[in-house]
Amino acid sequence: MKMMPSSPNEEQFDVENSKLDKDKERTPRTARVVKVHNQALLSGLAYCFSSCGMILVNKFVLSSYDFNAGISLMLYQNLISVVIVSVLSIMGLVSTEPLTWRLIKVWLPVNVIFVGMLVTSMFSLRYINVAMVTVLKNVTNVITALGEMYLFKKHHDGKVWAALFLMIISAITGGITDLSFNAIGYAWQTLNCFLTASYSLTLRRVMDTAKQVTKSGNLNEFSMVLLNNTLSLPLGFFLIVVFNEVDYLLRTPLLRLPSFWLVMTFSGILGLAISFTSMWFLHQTGATTYSLVGSLNKIPLSVAGILLFKVPTSLENSASIFFGLLAGVFFARAKIRERSQS
């Protein structure tokens, strides 16, 4: 995405009569430093809120409302993203690539994986508590690392593999000590880990090909959001029919509740907000801070998930969850160190 240029300085200097004393000269510098720090803090808080909020709101819709149509929820959220990004593009606030048949044909395979990733995430979140979903998602890192090694011949150092090993141990012990264990939910989450890793690995190759068929020769985040979510709509309708959600939607009284539509719409806005805030935070800080905050962010998310949904837990399960979250932070630090050495 092309970032908007920064606003001009509040004080305009007259070139011919620019005689400012040192105190006046220091003030705008201090203001600029404070402004940069505030931007980093604000973008970080916005990123944490949107990423945590998205999972918690989805869990609320699927469990508290007992909404048994996860694919329909995904479809509605994706439709909101398409509408908002399209409006912003028309207004000229963001730049997006036009959707051509050549681009669609290149992107369609990875979009199928993308939809599968979202659907399995919805299904697993319905049956598993937020904290365990967060820990189990760490397995995705293990699958991705193995995929990078075999597909791209990329080698990781010992600390990365140690962190991955700790993630596996925490996922296993977490599952064993999970008082609300659900085999169906764990099966969906395992499939989600494989699909998420496949999406990450496939995306690298597809993006290089996709850039060659775009008019600008580039594919920014907003173009990807628009492309992924637009292509997901027909596939989502097909899956709704296959999983027989149409009959459920016609019978459920939830769709007659304005509050339910408000919560669903809010979840769709949060989903799109993750794309906005992640780019904003990454631009204001950097890959190192972004990666660490992303890992640390899972800790309050897990705690909030346990407290808000009154999840029955034990000391052993809580220790396994905390152990898995620390393994995630350790993994992020190991990856940062690995990147700095390469």
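Backbone N, Cα and C atoms are what each Cβ position is placed from, and that goes for glycine too.
Summarising the annotation, TrEMBL assigns compositional bias 'Polar residues' to 1-10. What TrEMBL records for 1-27 is region 'Disordered'. Here TrEMBL flags 16-27 as compositional bias 'Basic and acidic residues'. Under the heading transmembrane segment, TrEMBL lists 40-61, 73-94, 106-128, 160-177, 183-201, 222-240, 260-282, 289-309, 315-332. Sequence annotations record features per position, and here TrEMBL assigns domain 'Sugar phosphate transporter' to 41-330.
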Near the transmembrane segment (40-61), which residues from the same chain, at least 6 beyond its ends, have a CB less than 8 A from one of its CBs? 67, 73, 122, 125, 130, 133-134, 260, 263-264, 266-267, 270-271, 273-274, 276-278, 280-281, 283-285, 289, 293-294, 297, 300-301, 304-305, 308-309
Interface check, the transmembrane segment (222-240) with the transmembrane segment (106-128), three or more C-beta pairs under 8 A: yes
Is it true that the transmembrane segment (183-201) and the transmembrane segment (106-128) have 3 or more CB pairs under 8 Å, sequence gap of 6 or more? yes
Excluding the flanking five residues on each side, which residues at least 6 beyond the ends of the transmembrane segment (73-94) place their CB within less than 8 Å of a CB in that stretch? 1, 58, 61-62, 67, 115, 118-119, 122, 222, 225-226, 228-230, 232-233, 236-237, 240, 264-265, 267-269, 271-272
Per the Cβ filter (under 8 Å) with a sequence gap of at least 6 from its ends, the transmembrane segment (289-309) is approached by 40, 44, 47-48, 51-52, 55-56, 59-60, 63-64, 129-131, 133-135, 278, 281-282, 318, 321-322, 325, 328-329, 331-333, 335-336
